[in-house]
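Now, the feature entries from Swiss-Prot:
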type    : residues         : note
REGION  : 1-214            : region 'NAD(P)H-hydrate epimerase'
DOMAIN  : 31-214           : domain 'YjeF N-terminal'
REGION  : 76-80            : region 'NADPHX 1'
BINDING : N77, D146, S182  : K(+) binding site
REGION  : 150-156          : region 'NADPHX 1'
BINDING : D179             : (6S)-NADPHX 1 binding site
REGION  : 216-479          : region 'ADP-dependent (S)-NAD(P)H-hydrate dehydratase'
DOMAIN  : 216-474          : domain 'YjeF C-terminal'
BINDING : G312, D417       : (6S)-NADPHX 2 binding site
REGION  : 353-359          : region 'NADPHX 2'
BINDING : 388-392, 407-416 : ADP binding site
Amino acid sequence: MTVIIQGRSFPDDLTQYAEFIGQGLLSPEEMRRIDQNAQALGISGLELMESAGTGLAMAARQYQPGKILILCGSGNNGGDGMVAARHLAGEADITVFWYDSGRQTDSTRTQLQRLLSCSVTSIPFRSRDDLIEHTRIFQDTDLIIDALLGTGGTGSVREPVRTCIEFANNAKAPILSADLPSPGIIPDRICAFHRAKTEGAHIYGIGIPLLAEISTGPGDLLILRNRNPDSHKGVGGNILVIGGGPYQGAPYLAGLAALRAGADIVRVVSPHYLPEPDIIHVPTAGDRITTADLATIIPLCKQADVVLCGPGLGPESHDVITSLAPYIRKGVFDADALRDPLPVAGESLYTPHAGEFARMSGLSPGKTPRERAHAIMKAQILGTVLLKGAVDVICDGSRVRFNQTGTPAMTTGGTGDVLAGVCAALMAVVPAFEAACIGAYVTGRAGELITQTCGYGMTARDLLTAVPQVLFRSTSERE
């Protein structure tokens with residue numbers, strides 16, 4: 001029996017995979033990733049908000065307050081506070097100050113409509129003067145709940161939220177912060193949802209599935225940033241692909257994939273020229289890349305943001321890659337670059353299938369995703385490994401992530417070259433581990449889309465057309 005998640009099978013005993021949950025404090029960015037992935041698994045944002053607000057109400061009851069003042073921002077943290085107010089209505093005298101910014105999230109707007117049907121005092125504020133008018137309420141309460149910013153708080157706090165925090169700190173009542181204290185506020189207690197984001201927090205579960213944390217998903221793309229309107233050529237990445245010889249098309253597929261994933265400039269060092277006008281071809285002397293070509297390639301490695309080595313290279317040219325590695329700041333190593341001795345760049349990403357992993361590490365990768373994760377950690381490779389399979393395993397030696405997107409139709413030749421190219425483009429803008437997670441997720445989803453129309457007739461070139469549909473549609477939806 002298996003559990004089917006996002007098109008690929010996963011072992012049904014997921015309790016074995018709890019060991020891959022990250023340890024320590026959770027960053028706000030990581031929590032947003034998990035939240036988004038939970039929604040992709042069918043847990044709606046409203047459901048998560050209801051669970052968070054219920055936990056916040058439970059924490060508030062421990063104070064046994066007669067009067068509660070709840071301060072709600074316009075983001076999802078404010079929605080958590082509104083849910084808590086609804087649950088506490090009738091148990092205490094509830095006053096809700098909510099920031100009427102005109103930019104509430106959809107979920108918070110829904111919770112506000114629900115709140116207005118409850119027996120609570122609801123007071124919108126738009127300015128510092130609105131708060132000054134109600135200063136007395138801050139002093140005449142038994143508990144203040146801070147649901148102003150939470151994990152959404154970044155940078156300096158602006159008015160009128162700054163005054164709201166000032167008045168809360170000057171009040172006599174204890175402050176209970178929802179999830180993460182708003183910047184500048186001094187809480188008596190922190191009610192953290194799912195996992196702690198700061199020391200001393202009390203954790204309340206909100207029903208987030210395990211796979212939302214340990215698997216890739218649309219939330220992984222949140223780290224990507226849209227380009228500024230004044231961006232210039234090169235800001236998306238200058239990628240160098242080194243490959244070709246026995247297999248002429250592989251480096252070009254990888255280069256085109258990098259372009260489709262947002263790279264601005266792609267050069268391909270290869271013995272053979274294929275007419276691809278979007279790619280800059282750098283020829284080598286013979287039918288294979290040899291050490292005689294180092295003088296040509298080394299300056300290009302120094303110039304590139306990311307160097308992708310290996311597609312279509314052939315084993316005879318492996319010594320060239322090991323000689324180039326010291327000159328590579330960020331490197332993606334695939335195919336015939338995955339041999340002993342393993343090349344190590346300043347920052348390295350390795351993209352082996354099971355056989356290549358065994359060849360480069362001397363270890364059996366195992367069969368299950370769990371066994372493969374342990375094999376990568378045991379190998380102690382200096383970099384991030386994306387071990388391809390029915391379920392891809394991404395590991396940087398400490399963090400582990402699983403990717404379940406994809407389809408059996410992706411066994412067609414060249415899909416690994418596309419994945420490597422996508423990862424190279426992403427690595428120009430994010431670290432290797434994140435590039436591997438996003439690259440695996442996006443390439444797999446692209447394969448799922450193409451399979452709907454092409455079935456098992458899909459080619460790697462077909463995959464190129466779907467990569468930007470997945471990657472940049474998801475990017476625009478974050479706006």
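Here the Cβ of each residue, glycine as well, is placed from N, Cα and C on the backbone.
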Would you mind reading off the Cα separation of K388 (ADP binding site) from the residue listed as '(6S)-NADPHX 1 binding site', to the nearest angstrom?
36
Reported as an integer number of Å, what is the Cα distance between the residue listed as '(6S)-NADPHX 1 binding site' and A390 (ADP binding site)?
36
On the 0 to 100 scale, where does the mean pLDDT of the region 'NADPHX 1' (150-156) fall?
73
Where does D392 (ADP binding site) sit in DSSP terms: helix, strand, or coil?
strand
Using Cβ atoms only, which residues of the same chain lie under 8 Å from M410 (ADP binding site) while being at least 6 residues apart in sequence?
G444, G447, M458, L463
Separation of alpha carbons, P408 (ADP binding site) and S182 (K(+) binding site) (Å):
47
Quick check on the region 'NADPHX 1' (76-80): DSSP residue counts for helix, strand, coil, in that order please.
5 helix, 0 strand, 0 coil
Surrounding CB atoms that lie within 10 Å of the CB of G312 ((6S)-NADPHX 2 binding site), all protein chains:
27
